[in-house]
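Asker: First the structure, which I've put down as structure tokens, then a few questions once you've had a look.
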Amino acid sequence: MSVFNSSSLYPHFLLTGFSGFENRYGLISLPIFLIYATSVAGNFTILFIIKTEPSLHQPMYYFLSMLALTDLGLSTTTFPTMFSVFWFHAREISFNACLVQMYFIHVFSIIESAVLLAMALDRFVAIREPLRYAAILTNGVIVGLGLAIAGRALTLVFPASFLLKRLQYRPINILSYPFCLHQDLIKTTVSSRRVSSIYGLIVVIFSMGLDSVLLLLSYILILVTVLSIASKTERVKALNTCISHICAVLTFYTPMIGLSMIRRYGQNASPMVHVLMANVYLLVPPLMNPIVYSVKTKQIRDRILKKFKQHKL
């Protein structure tokens, strides 16, 4: 039996942290742990506040709950292997474990993109049809949107794992990051990657690509609606309701675009730059979203301060 036939059944992968800084992993892991702890605490706080405050049982905050749950899922999926690399210098991961992590990282990323789009729809309806807002975005509609968002992500990413399973690999394969991504796994194969690459591109086009176009269209419609409002004060008030969402969109898409540009045009860039951008792409949105919404959304901020004062007393 050839080495490729035998090893392709049970290949192993080596995760990569910041090469050349292995003796400083203990120090590097400290901010990573703080980011993880802050992300989890922040998103759980958002969920707790929304659940315990009946006045926040509205479409906007239901979508915010979806975003918080997605960020928790993304953090929980990403951090275990990061900690194993930076705390224990344990780089090896089995093929099946790598596929599972890859699957959920991409599923949660696609879900986050779709939730941001749903939140843009929420803002458009709230500004365009304020009197019919609750009648249009009923609980049933929101549940349906949530199921559709999750179903699309689960369905789109599922075939990618089977396509990767069919490929052949070396006995030991070195990955570029401390976690498993589809575009990184596919680079390690020794067989034809054409079908997997094309399918990966299709997934990106029909998820983040489509969502970004619809997000842009949503904000064009929001801007047109806002400009049609006669009162300047009301125009400013309407736009202010979108600031937190715009920040969340920029926090999600900017690192993703940066990572894509680095992979495509940064062949001569240091490997550390690639690892850093990949970490920013997966770590920053779960960290920043609860901070942005806690600071910029008065209803959330007031409820958090109220809970804090009650606990202090």
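Cβ coordinates come from backbone N, Cα and C, glycine included.
Straight from TrEMBL, here's the annotation block:
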- 42-293: domain 'G-protein coupled receptors family 1 profile' (DOMAIN)
- 25-50: transmembrane segment (TRANSMEM)
- 62-88: transmembrane segment (TRANSMEM)
- 100-121: transmembrane segment (TRANSMEM)
- 133-158: transmembrane segment (TRANSMEM)
- 198-230: transmembrane segment (TRANSMEM)
- 242-262: transmembrane segment (TRANSMEM)
- 274-295: transmembrane segment (TRANSMEM)
Asker: Please work out which recorded stretch in 62-88, 100-121, 133-158, 198-230, 242-262 has the most C-beta pairs separated by under 8 angstroms from the transmembrane segment (274-295)?
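Answerer: Of the candidates 62-88, 100-121, 133-158, 198-230, 242-262, 242-262 scores highest.
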Asker: Using Cβ atoms and a strict cutoff of less than 8 Å, what residues sit near the transmembrane segment (242-262) while being 6 or more residues removed from its termini?
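Answerer: Residues 67, 112-113, 116, 119-120, 123, 208, 212, 215, 219, 222, 269, 273-274, 277-278, 280-281, 284-285, 288-289, 292-293, 296-297 contact the transmembrane segment (242-262) from elsewhere in the chain.
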Asker: Using a threshold of three or more Cβ pairs below 8 Å, and leaving out pairs closer than 6 in sequence, do the transmembrane segment (62-88) and the transmembrane segment (198-230) count as in contact?
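Answerer: No, since the transmembrane segment (198-230) and the transmembrane segment (62-88) share fewer than 3 Cβ pairs closer than 8 Å, they do not count as touching.
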Asker: Go through 62-88, 100-121, 133-158 and flag the stretch with the largest number of C-beta pairs under 8 Å relative to the transmembrane segment (25-50).
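Answerer: Ranked by Cβ pairs under 8 Å, first place goes to 62-88.
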Asker: What average pLDDT is reported by the model for the domain 'G-protein coupled receptors family 1 profile' (42-293)?
Answerer: 93
